[in-house]
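Undergrad: One structure follows; several queries about it will come next.
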Amino acid sequence: LSLQAAWCILPSRVLLVLTSQKGIQMYESDGSIMVYWHALDIAEHPPAQAVFARGIAAAGGRFICVGTSSGQVLVFDIPPKGTNITVSEVLEQHRDAITDIAAELGQAPDGAGDLVTADDAGALCVWSVGEEFALLGKIPAFGCTCSSVKLWHGVVAAGYGNGQIRLYEAATGLLRAEINAHARWIYALDLAPQTGKLLSGAEDSFVHVWQLSRNPDTDDIEIEHSHAECVTDTQVCGARFCDPEGNSFAVTGYDLSEIFRYGPA
C-alpha cells in the first residue's frame, strides 16, 4: 500500500520517492529503475502500532527528508548520480507520527529556516538546512492534527483536522492568521511558488484557492479568498496546482479512480 508519492527535484537529478507501510523507495524520475530501498524497522515499534513513512521533501540541494510513524525524520544524502544514497542524519524532535514535510518554495528571509515538519498531534518544527540540520523553533500543538504544511517566503501555512488554516512566521513561530477554511478535515495544501496562491482541499467536498501576500508597509502576512470549487459527493483527499503560477489545479477523492482538472475558463 503506497501512502505517498513525490517528485524530489534536486539540482543534479530528479527522483520519484514513494512511501508505504514497508519502507521508502526511490526511483529514477521516469520510474524505470529503483535506485534505493529503505526498509522501516518494525522491531522498534510496539506490536499494535502501525509502521509507515509519510512526508517527503527535497532540501538543501542534496538531501531528501522523509518522515516516519515513530516521529523521526530521516535525512537521505543523495549523490549527483548512482545508487550510493545514505542516511546522513535522523531528526528526533517529534513525539508523534510525521504527517507532512515542506521545504521553502521561495526566498526565505534571514533566520526563517528552509524546512518545516508536522506531526499527528499538530506540533511543527522549523529547521535550517546545512551540512547538518539545526532546529530553529517549535510551534506547539493545540489539540488538533496538522495534516498538511507548506513554507513560502518565511510563511508557514498549515492545514488542520478541524478545517482551519493557520499562518505562522517561520522565523519566530508567531501566529499571523487563522482561517476557518473548511467544515471538515483538510487533507491537502499546495502552494504556487511564483504567485503565493494557496490551495486547500478537504473532506467537505470543497477546494479553495487563497492568495497569500506580505503587506509592504507593515510586513504583515495577509490572506484573501479568491476561488471555491465544490467537487460534488467527493471527500477530497488530494489537490495540487498544475503549474508554478497556480492557474490550474487537479483534485481527487476517496474511492475515485479519476483526477479532475480545473483551469481558467
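Note: Cβ is positioned from N, Cα and C throughout, glycine not excepted.
What TrEMBL records for 3-262 is domain 'WD repeat-containing protein 54 beta-propeller'. Taken from TrEMBL, the feature repeat 'WD' applies to 179-220. According to TrEMBL, the feature signal peptide maps to 1-19.
Quick one: where do these features end up spatially?
TA: Each residue in the domain 'WD repeat-containing protein 54 beta-propeller' (3-262) has a pLDDT score, and their mean in this model is 91.
Long-range Cβ contacts of the repeat 'WD' (179-220) within its own chain (Cβ-Cβ under 8 Å, at least 6 residues beyond either end) map to 105-106, 147-150, 152-153, 155, 157-167, 226-241, 243-246, 249, 251, 253, 262.
Among residues of the same chain six or more beyond the signal peptide (1-19), those with a C-beta under 8 A of the stretch's C-beta atoms are 25-29, 31, 35, 52-58, 61-62, 64, 66, 78, 80-81.
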